[in-house]
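Copied over from TrEMBL, here are the features:
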SIGNAL    1-32  signal peptide
TRANSMEM  236-258  transmembrane segment
TRANSMEM  306-333  transmembrane segment
TRANSMEM  339-360  transmembrane segment
TRANSMEM  372-394  transmembrane segment
TRANSMEM  406-433  transmembrane segment
TRANSMEM  464-486  transmembrane segment
TRANSMEM  498-519  transmembrane segment
TRANSMEM  531-555  transmembrane segment
TRANSMEM  575-596  transmembrane segment
Amino acid sequence: MTVLGHPRSWNCQWLPLLMLLLGTGREPGVESVTHYKAGDPVILYVNKVGPYHNPQETYHYYQLPVCCPEKIRHKSLSLGEVLDGDRMAESLYEIRFRENVEKRILCHMQLSSTQVEQLRQAIEELYYFEFVVDDLPLRGFVGYMEESGFLPHSHKIGLWTHLDFHLEFHGDRIIFANVSVRDVKPHSLDGLRPDEFLGLTHTYSVRWSETSVERRSDRRRGDDGGFFPRTLEIHWLSIINSMVLVFLLVGFVAVILMRVLRNDLARYNLDEETNSAGSGDDFDQGDNGWKIIHTDVFRFPPYRGLLCAVLGVGAQFLALGTGIIVMALLGIFNVHRHGAINSAAILLYALTCCISGYVSSHFYRQIGGERWVWNIILTTSLFSVPFFLTWSVVNSVHWANGSTQALPATTILLLLTVWLLVGFPLTVIGGIFGKNNASPFDAPCRTKNIAREIPPQPWYKSTLIHMTVGGFLPFSAISVELYYIFATVWGREQYTLYGILFFVFAILLSVGACISIALTYFQLSGEDYRWWWRSVLSVGSTGLFIFLYSVFYYARRSNMSGPVQTVEFFGYSLLTGYVFFLMLGTISFFSSLKFIRYIYVNLKMD
């Protein structure tokens with residue numbers, strides 16, 4: 001149905017493919033502006049319609065009973081635009097550069113009762129439409145609904161049959177576009193009998209005006225004239241809350257490292273010198289805390305292949321998240337362009353697959369893994385398989401309901417090709433390099449063949465409590481910021497504070513590392529050496545808190561409804577929590593590993 005790119009985008013060279021994936025085809029920072037002469041035709045594309053409160057539930061504009069050409073011609077779209085649900089098609093509106101139009105007839109229509117009911121239902125669900133002219137979106141509501149009074153109760157439905165287009169130009173370029181129904185009365189859709197037809201005449205007007213603004217980015221009103229909220233203000237409460245938590249945790253960990261550990265090391269090393277005069281095994285007989293498990297703390301864990309796969313994919317998403325935020329900060333892609341972030345995420349995911357393969361295979365070989373081929377397969381499947389299953393369910397629901405969010409077959413084949421030709425081979429290549437460059441695991445202590453018995457642990461040192469504490473503290477550091485991110489992804493706001501987002505992302509990683517070190521110290525002090533998986537789960541459980549917050553957001557902070565929006569929201573929210581589990585679990589593990597190596601390197605042992 002939709003062509004995904006320009007013909008030149010299918011060359012065998014890499015640069016055109018990357019341009020296609022980014023959905024720009026232009027150099028960074030260059031605006032897509034067409035130059036016109038007076039009287040040149042300006043094509044207005046109709047795009048999509050959908051409920052205002054369900055951002056991801058969109059349908060083709062021509063699915064409604066509206067003025068439609070006999071042959072629908074679609075515009076070529078980038079991959080990012082298709083992923084964003086865009087389905088642009090040429091309209092019947094005739095607009096010429098700098099030529100005003102006063103109430104020109106668009107078409108005459110005779111609507112059946114079924115078509116009228118379809119329009120009534122769309123208006124009651126607050127359907128809005130989106131048009132596009134010269135890459136500028138124009139948005140407005142399909143109709144008008146008035147509901148007032150309890151006794152007597154009134155419920156009126158009206159359809160906008162006239163649209164006023166206001167376009168501003170500077171020289172030979174269009175700078176601003178807007179659509180309005182301010183001075184128009186809606187056509188009533190009430191009181192129609194089941195066997196009666198409704199006659200409608202759709203009209204439109206076009207008004208041009210010159211502006212002194214030379215670039216679109218200099219205009220403060222925004223491209224849509226305020227139909228959607230444009231930006232989010234700087235939220236100092238979130239920043240202050242996160243900074244205070246970071247200072248407290250960093251100070252807490254510093255106290256552990258500088259005072260508690262210093263005392264522990266001084267006492268343990270003194271005991272070692274005392275015991276060295278007698279039997280060298282005597283120090284194992286006392287209650288010596290984390291020192292007594294030095295022969296077991298580096299005992300490799302069960303399911304080491306799965307652990308290495310988690311660390312590899314987690315490292316990949318750390319690079320992916322950092323890369324997207326840095327690219328947005330540097331202006332490498334326009335974050336407000338349709339589907340730009342989606343395209344950048346797909347491109348970076350494919351290119352960073354080498355990181356997951358390298359980290360996973362490198363650490364797997366270090367801890368004595370032999371089945372490295374199976375480890376690579378597990379690594380490449382750890383995220384792609386859950387994502388494919390979730391996407392299959394979500395896409396099927398969109399397809400069954402006729403939503404434009406359902407991907408065409410050509411887009412699916414393109415994404416599969418990118419994964420097969422870029423993502424999977426890079427994972428294998430990274431795995432080969434990681435395996436070949438791996439050195440033996442650097443353990444400061446020699447591990448005994450027989451594992452020491454672990455004493456009974458108090459309830460506050462259980463895995464569940466560590467997961468609760470380790471997940472809640474990082475979540476609390478980003479809880480306020482998380483609302484604005486959800487309002488951007490699942491709402492109508494546009495996020496522009498990527499510097500603040502980068503700062504909060506760094507805070508999240510810092511908090512995760514600090515709380516991981518603290519929890520690992522408490523675990524080892526109880527002579528429990530099973531820290532490998534515990535360190536991943538303790539801070540990785542932040543992903544569970546994020547998913548629980550998404551449930552709260554859906555129920556209390558949003559007006560989303562319906563099966564289409566609900567399935568997509570909870571499906572991708574579950575995937576988001578899973579990604580945060582992988583990222584923060586990886587940060588937590590390597591922080592704990594670094595900490596454990598530090599304390600045992602400084603411990604004197606025979």
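Cβ atoms here come from the backbone N, Cα and C positions, even for glycine.
Taking residue pairs at least 6 apart in sequence, the transmembrane segment (339-360) and the transmembrane segment (406-433) share three or more C-beta contacts under 8 angstroms. Among the stretches 236-258, 306-333, 339-360, 464-486, 575-596, the one making the largest number of Cβ pairs under 8 Å with the transmembrane segment (372-394) is 306-333. Highest Cβ pair count under 8 Å relative to the transmembrane segment (236-258), across stretches 306-333, 464-486, 531-555, 575-596: 464-486.
With respect to Cβ pairs under 8 Å, the transmembrane segment (531-555) is most closely packed against 575-596, considering the stretches 306-333, 464-486, 498-519, 575-596. Beyond its flanks by at least six residues, the transmembrane segment (498-519) meets 234-235, 238-239, 242-243, 245-246, 249-250, 252-253, 256, 318, 321-322, 325-326, 328-329, 335, 466, 469-470, 473-474, 477-478, 481, 485, 534-535, 538-539, 542, 584, 587-589, 591-592, 595 of its own chain at Cβ-Cβ distances under 8 Å.
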